[in-house]
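Student: Pasting in a structure now, in structure tokens, and then I'll have a few things to ask.
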Amino acid sequence: MAKAKTFSCSACGASFNKWSGRCDACGEWNTIVEEAPLSAGPAAKSLGAMRGAAIQLTDLATQETPPPRTNSGMEELDRVLGGGLVPASAILVGGDPGIGKSTLLLQAAARFAQAGLKTVYISGEEASAQVRMRAQRLGLTDAPVQLGAETNLRDILTTLDAEKPQLAIIDSIQTMWADNVESAPGSVAQVRAAAHELTTFAKRKGMSVVLVGHVTKEGQIAGPRVVEHMVDTVLYFEGERGHQFRILRAVKNRFGPADEIGVFEMTGEGLAQVTNPSALFLSERGEPTPGSVVFAGVEGTRPVLVEFQALVAPTPQANPRRTVVGWDSARLAMILAVLEARCGIPFTGLDVYLNVAGGLKISEPAADLAVAAALLSAREDVALPADTVLFGEISLSGALRPVGQTENRLKEAQKLGFTTAIAPSGGKQGGAGGMTLRQFGDLTAFVGEIFGAG
Ligand code: TYD
Ligand code: MG
């Protein structure tokens, strides 16, 4: 009997029984690959027909003391982890190749080892000598980290079982190879099996494990999303290759708030922490320029000021360009539609470019008002005063909706020398400190007052 072929998506791990060009589950193109069929065991019997071992049940009142966490001393990392490393936790660190994952984790390994955790760093990509050279360059050679260069998962687990570290770093999960799975390293089946083995081993032995995962665009290697659901914490390391800023973002965390970010700067001596990201993100701002506005945002528990830059230019094209870096393009389309429908300001025949300076990705709806202001400022060629920040959500009706953490935003803006904030009416009043708060109920009122149009 011919075995049915199976296919899975290397981006999200979804399984299918036929090939297609686009994954129905996550929408990625060219990520569906054929999987070696799982070896069929003895004729499958209903599980209920066989007797298993009884599991122990407990009631909800069972007292568990919160786990003792270990701080690395890198505050930007500890905060993103939810306040340090939890014992026996599984963490995924995903990111583009070359973004700095190995650098970050070698530095973290050194700090955790110095903080007293027995730490093992397994590299499947580089020889030990290469990792040692990097450690030397980063000034970490004194840290008591144990190094291994291996891809055979069986040998790695045997070693971990003997050494009993409290923290193991696996760089990367895509290079790991489980010899009981008939599939090439990097395939969905291998990555899934290796991640499963490592996370269950970690839980059983009380060891924390960090899996490094490369984000890939092609379907040949499985992406980190395949293992996201197996781990407690998912962190993504983001940034533009040409820029020096790097953002470590928690997208899932069983032990802390998601959406928390840590900000780093890539230097000649590795990653340096950025404790005042607002100052850094605004450091390249010069004279007030049309199209440039400052958004008072919040990332996780921390206020962050960032600059939105817009460029609006006439085009003979029937379909003008809408190019966005660092923000959601669907959200941009919505803001453009609201400006046209509610304020009578069309962008037909105009190319629109929108950019978040510094390589940060913003996902807060609170940025709507700043985006609208950047677009109008660029279109009308009118610069906003340099001492002004904006925040507020825009609804389809053109109303401005209050957003959370107003006080936090105002405080941060004041700290950085801003004097005026433009915000939605309602929401929290007062608490503005020395800031002048200019509030508007809808976009039309804002446009009329600030740009004298609408
Ligand atoms: P790396 O950590 O190897 O990236 P990843 O593991 O995500 O693939 O970092 C690679 C880049 O970082 C490389 O292009 C060089 C740069 N880098 C520095 O700028 N400074 C440093 O101190 C180090 C170690 C790397
Ligand atoms: Mg690497």
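Heads up, the Cβ atoms here are built off N, Cα and C, so glycines get one too.
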Student: According to TrEMBL, motif 'RadA KNRFG motif' applies to one of these ranges: 217-221, 252-256, 297-301, 402-406. Which one is it?
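Tutor: Residues 252-256 are the ones TrEMBL records as motif 'RadA KNRFG motif'.
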Student: Taking the Cβ of each of the binding-site residues and counting other Cβ atoms inside 10 Å, which one has the highest number: Gly95, Pro97, Gly98, Gly100?
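Tutor: Its Cβ has the most other Cβ atoms within 10 Å: Gly95.
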Student: So which of the binding-site residues Asp96, Pro97, Gly98 sit close to ligand 1, that is, with a CB under 6 Å from an atom of it?
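Tutor: Near ligand 1, sequence order: Pro97, Gly98.
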Student: Taking ligand 2 as the reference, state which of the binding-site residues Gly95, Asp96, Ile99, Gly100, Lys101, Ser102 have a Cβ closer than 6 Å to one of its atoms.
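Tutor: Passing the 6 Å Cβ check against ligand 2: Lys101, Ser102.
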Student: Six or more residues beyond either end and a Cβ under 8 Å away: which residues meet both conditions relative to the motif 'RadA KNRFG motif' (252-256)?
Tutor: 80-83, 86, 89, 228, 231-234
Student: What other residues of the same chain, not counting Gly95, Asp96, Pro97, Gly98, Ile99, Gly100, Lys101, Ser102, have a CB atom within 8 A of the CB centroid of the ATP site?
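Tutor: Residues close to the ATP site, other than Gly95, Asp96, Pro97, Gly98, Ile99, Gly100, Lys101, Ser102: His214, Phe237.
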